[in-house]
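Undergrad: Per TrEMBL, region 'Disordered' is recorded for 1-59, 134-202. Residues or ranges marked as compositional bias 'Basic and acidic residues' in TrEMBL: 14-40, 147-162. Taken from TrEMBL, the feature domain 'U1-type' covers 81-115. Per TrEMBL, the feature compositional bias 'Basic residues' maps to 163-173.
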Amino acid sequence: MDQSSNQVVGVDNTSRKKFDREEILQRARERDEQEADGRKSKSKGPPVQRKPLKPRDYQVDLESRLGKTQVVTPIAPLSQQAGYYCPVCECVVKDSANYLDHINGKKHQRALGMSMRVERSSLEQVQQRFESLKKRKDPGSFTVQDFDERMLKQQQEEEERKRLRREKKKEKKKEKVSEEEPEIDPDVAAMMGFGGFKTSKK
């Protein structure tokens, strides 16, 4: 055996890395320029002037789907999923309280182009509003006869609704009974000795 083969040859890793000062400064300058460019692109233009908040000109529909059963699939479009769908923001809210919070909230109003600030009313607008309210509350325009007529009209509408409901129930019952009755040939029934399976009770 040779003595030179017994010596372990190692790697000299004790020397320090030599830094190139110019290269590091160049990298720092490039990084600063990129950050400055990023800040410029993020800076917005002039602020958007939004319209002041206005009252809704439509009735919020919270009860149309109340008590109805619906099959929900994960692949259904958002407008057909369970909950309340907002077409402006394209989102679904699960209950009516959160839906009201959403449509009265900042995100929804911004999507409609309105700020959350209310327009200040002028003195003339306030006076006109008071005048219109006084005219509406004028006791001479409302009489007991008007009240009786309105009550009678409401009662008639309620009776009409009840009558229509009863008719629908009767129609459903008739359809159900006709579906349950099997079709029997009268000749076969006479041959077997009975007229049918109907009972005399109704």
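Each Cβ is built from the backbone N, Cα and C atoms, and glycine gets one as well.
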Undergrad: Mind checking which residues reach the compositional bias 'Basic and acidic residues' (147-162)? Cβ under 8 Å, same chain, six or more beyond either end.
TA: none
Undergrad: Taking all residues of the domain 'U1-type' (81-115) together, what is their mean pLDDT?
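TA: PLDDT averaged over the stretch: 90.
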